[in-house]
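Per TrEMBL, these features apply:
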- 1-16: signal peptide (SIGNAL)
- 15-121: domain 'Cadherin' (DOMAIN)
- 122-230: domain 'Cadherin' (DOMAIN)
- 231-335: domain 'Cadherin' (DOMAIN)
- 336-440: domain 'Cadherin' (DOMAIN)
- 441-550: domain 'Cadherin' (DOMAIN)
- 564-652: domain 'Cadherin' (DOMAIN)
- 679-701: transmembrane segment (TRANSMEM)
Amino acid sequence: RAVALILVLCVSGMRAETARYSVPEEAERGSFVANIAKDLGLTSEELLARQARVVPEGQKQYLQLNQYTGDLVVREQMDREELCGQTEPCLVRFEVLLESPLQSFRAEVRITDINDHAPVFLNKEIALKMPELTMPGTRFLLESAYDPDVGNNSLQHYSISSNEYFHVYTQRRNDGGRYAELVLDRALDREQQAEVAFSITAVDGGTPPRSGTALIRVVVLDINDNIPVFTQTLYKVSVMENSSQDTLVVIVSASDLDAGTNGEILYSIVQNSEENLQTFKINPETGQIRLKKPLDYEEKKTYEIDVQATDGGGLSTHCKVEVQVKDVNDNAPEVIITSLTSTLSEAAPPNTVVALFNVRDRDSGDNGRATCELTGEQPFRITLLAADAYALVTSETLDREQVEEYNVTVRARDEGSPALSASKTLLVRLLDVNDNAPTFTQAIYTMVMSENEPAGRSLGRLSATDPDAGENARVRYALVPSPTGTLAAASFVSVDAESGTVRSLRPLDYEKVRAFEVTVRAADGGSPPLSAQAVLRVLVRDENDNAPVLLHPAPDSSAAGELVPRWAPSGYLVAKVVAVDADAGQNAWLSYELAKATEPGLFRVGLHSGEVRTARAVTERDAPRQRLIVLVRDRGQPPRSATATLAVALVDDFSDAFHQLGRDAASGQQAQVAEEEMLTTYLIASLCCVSSLFLLSILVLTASTLCKARVLAELPPPSPSCYADGDFASDGVGVGSTGTLSPAYRYEMCLTSGSGRSEFQFLRPILP
């Protein structure tokens, strides 16, 4: 039923300390534990009037409170071994709740152990095989007895009956358990006594002490002078607790120098714990230790396994395997509501208690360390009372006329990886006020649009939420105007006011605009409206809309002429095709290939360098004129390409280069015939003028030397052209030292427009 009473409780008045009591296990029902009224400083009448009650931490109620006397008594017998196993201390936790006003007191009862179990050997008869050459002082690991009690009531020491060959040592493990090692005092002689039998007794430390006994039979074996030897005496491994059945834990390995059956080794797990036998198994031949069942870190964190290696002659040795169970975040936190006030008056002051709850996580470390939070913007907060006890209180004055109700979600999240969480939703009836601003789901939204994408295309959606109701929760979106003088990015996209959908307003060119940012405001419909802002970042994705551009040879030339001597070996550099692509990324990755050639086998092109080289040595049988078409292709989808045409002349030496190049054209051949016919006439005229020209040349040379600087500044560029680093630039793309053009192959060349066949020469390559 709904509770109409409003409980107001300041957090400072709650008790955070824990009361501690103890009671022996298996105490009879009705056994006195403590007087709660006395410890709380209350009378029995106050205890009854405030309806005191005990709230257990678990599902079962082991204790009860007498409201008339204030006595805490045993309601049901408790078996410490059943409740906690080997865990110490064994605690039963509960809370005492009082009403009018509401208060919570934490308490715990420690269940003390009594000596109600005797040590028990899993096998009543233990058989050991020992060679007769075993040296005195040799130790043999014995099966451990099992005692579920803890502390002094657990197993304390071992003893054996009187005999002339052995005595026993009691050893202590890291986890506090004890095991027995049998020590040989004197050498065995099989001819005198083939078997030695005696009893072993395990005694606990209770009062009176309890004990368990087993019979040990030692069979003396004939000579087998090498015992197995483990590669390690201690194996330390770790296993995740969520490992499945048959998961490989570790492989133990031992070797024996003997041959035949005496060198054959069988592995076994020594029965030192029934739990180990139920959890692990070993392959007797390979030494692989695997899981019989999944592990649980919350039940046991460490296992110590004693493994024995026995050869065919009966000799054995042992090693220890220490298995550390690693905790996995497999338990989500639990939010347990212990008290809840579902309705609150609008006049309720701040710090009014709405609910009391506990958070529990069975994991350990960071996996078991939980934090609480409230989802959404609400006028509530969580206050820590104790290690895992919290209170939900109001954080400000409430107004019923404005807010009708709240769905308050308490979320508990642990610190594991990945983190697990649990939530509880509480309904608090109030009326709404516009006290919550919209909240974007992200501080920065990143969207992508393709280059040249048409206007009106949806790029994505912005999302902002407002926990208010009605018009106060209606969110509208708008772009914040850009500051004066900045890029008008608001002209690139628009935001739908209702849905928050972002659409493009016009196509963009990646080469001009690669990314831009705008600020988006989300405002609610309240009065006055509240708003929030987020950054919208739009990235322009490059499209393959630019074909490769040839830098060398120039695209406007019909064919670039290259000369290759007849003596050129394989790998001779003929030319280098250079191209650039204005796109970015993969769209700008260029590859070169030989599309067509007069003799395809004579030349090859570097896939990435564009270098045209001879694929083999040039021979006399090769045609003197070669025509190559090089295809330059980018890696866009679909790819774009360009072609470069190279004319290659094979010459015996560079002195007749222009002679062969001139003969390539038919018109050049006809002009050569006419030139030969008039050669005699030209020679006669030249002889008549040679004297005059000689004198004139001397005068011109002197004048040009004195006025060289002035002539170079006033006259147009001279006919000879020398191309250096700075001349290879086009459209603002520098290729002298940056960009895709490598400076590794550049040649210095000087030509004149009127050069004859004997004036053409390669000077030298300019090396980096």
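The backbone N, Cα and C atoms fix where each Cβ goes, and this holds for glycine too.
A mean pLDDT of 86 is what the model gives for the domain 'Cadherin' (441-550). Taken residue by residue, the domain 'Cadherin' (231-335) breaks down under DSSP into 10 helix, 48 strand, 47 coil.
Under DSSP, residues within the domain 'Cadherin' (441-550) fall into helix, strand and coil as 7 helix, 47 strand, 56 coil. Residues of the domain 'Cadherin' (122-230) grouped by DSSP class, helix first, strand second and coil last, total 3 helix, 54 strand, 52 coil. Mapped onto DSSP helix, strand and coil, the domain 'Cadherin' (15-121) counts 16 helix, 41 strand, 50 coil. Applying DSSP to the domain 'Cadherin' (336-440) sorts its residues as follows: 4 helix, 55 strand, 46 coil. Sorting the domain 'Cadherin' (564-652) by DSSP state (H, G, I as helix; E, B as strand; all else coil) yields 4 helix, 45 strand, 40 coil.
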